[in-house]
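Chemist: Next up is a structure, given as structure tokens.
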Amino acid sequence: METVFEEMDEESTGGVSSSKEEIVLGQRLHLSFPFSIIFSTVLYCGEVAFGLYMFEIYRKANDTFWMSFTISFIIVGAILDQIILMFFNKDLRRNKAALLFWHILLLGPIVRCLHTIRNYHKWLKNLKQEKEETQVSITKRNTMLEREIAFSIRDNFMQQKAFKYMSVIQAFLGSVPQLILQMYISLTIREWPLNRALLMTFSLLSVTYGAIRCNILAIQISNDDTTIKLPPIEFFCVVMWRFLEVISRVVTLAFFIASLKLKSLPVLLIIYFVSLLAPWLEFWKSGAHLPGNKENNSNMVGTVLMLFLITLLYAAINFSCWSAVKLQLSDDKIIDGRQRWGHRILHYSFQFLENVIMILVFRFFGGKTLLNCCDSLIAVQLIISYLLATGFMLLFYQYLYPWQSGKVLPGRTENQPEAPYYYVNIEKTEKNKNKQLRNYCHSCNRVGYFSIRKSMTCS
């Protein structure tokens, strides 16, 4: 989990704004330009914009069925994105009416992206101004400058983490059903207009990006939250693996649904509920107990609800591709950080069998009606694409995995980018010496970006 920070106000710091402050810096944190946040925002905007445009086209054509599902997947994905961003930034605990207003309008990712870019340029400006300051004496101006730098760093890393989780949830709870639906519509009416193709392209990019994020998260967990840096060859291998896996699985599902129509629904529900119930069956078999106070029923209900939501997302990921992690509800960490070849091989074996069965159903029941020709060739290409994806997966874990090839950056963690500590020492006057300085780095993580200590003058 990430460390979440709160800004310091006068009440929490005991009126420290009117006191003499001294800031002692540790190692300087380095921030990079938020390209990942911009990319996630572009995917969000593109998918929502083209989805709304297709909704308008279906509405004018009186296609109520397709119109309803298209707008439903857009709204569900967009609302979940707003909830994730507000959850990580703890907006509901603060008086942030303006940000809440933008989230209600489903424009939260755009506003936060622009805010992060502004903070990054503000951080660069403050660093440049800090270097120009004389080091003869530390004034209150220097104190406020260092605090602005600290807040910029805190906000940048918090937004990066929030957008990472937003990308995963948007991909597998919004983009996957949207991509399957639009492909099903194209197969049914045998038309591929440019607008629908662009919507499918953004959805495919979103799912692939979310799958890559799952891989990076799994590698960080297996290496104790250590930051990784994949060279171009390793990154290309992961991209090809995830792209081929996602495209072959999604096209297979679309062909299967188009072949059997509503008769395919029970099969798809069985596949989904197997992934959903498997962690709970393993938890029940282990005989473990849920964490928390058994006497507090509300706490127990909240824990069960949170675990159920996690398993819903876990099953949605495994429905379209491999989640790269294994849920272990009996453990306090929930996610098993060990690399299990057995779990990996079992997943790909069963999913390959599912794909072959669905492709055979398409070949013998829907190939002639959905496609005028080349149904056998397409079926073979789908199987070969999935086998190629499995081959890239084996290549990555056997020869290019960062833990084995020494590409883990020592001394750096996801929660601790480059500097181990960032100390803020505050000397307060005798008027405020009985008021305690609140640590604005919450302990929701093992290691914080900041460590605050207080020095008080003795009368």
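Yeah, the Cβs are placed from backbone N, Cα and C, and that goes for glycine too.
The transmembrane segment annotation in Swiss-Prot covers 35-55, 68-88, 97-117, 169-189, 199-219, 238-258, 264-284, 300-320, 345-365, 377-397, and the record cites sequence analysis as its basis.
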Chemist: Excluding the flanking five residues on each side, which residues at least 6 beyond the ends of the transmembrane segment (35-55) place their CB within less than 8 Å of a CB in that stretch?
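Modeler: Result: 67, 70-71, 73-74, 77-78, 81, 106, 109-110, 112-113, 116-117, 159-160, 163-164, 166-167, 170, 174-175, 178, 182, 195-196, 198-199, 202-203, 205-206, 209.
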Chemist: What stretch in 169-189, 238-258, 345-365 has the biggest tally of Cβ pairs under 8 Å against the transmembrane segment (68-88)?
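Modeler: Per the Cβ count, the answer is 169-189.
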Chemist: Sort out for me which stretch, of 238-258, 345-365, 377-397, has the most Cβ pairs below 8 angstroms to the transmembrane segment (169-189).
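Modeler: Result: 238-258.
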Chemist: Under 8 Å between C-beta atoms and at least six residues away from its ends: which parts of the chain pack against the transmembrane segment (345-365)?
Modeler: 248-249, 252-253, 255-256, 258-260, 271, 318, 322, 375-376, 379, 382-383, 386-387, 390, 393
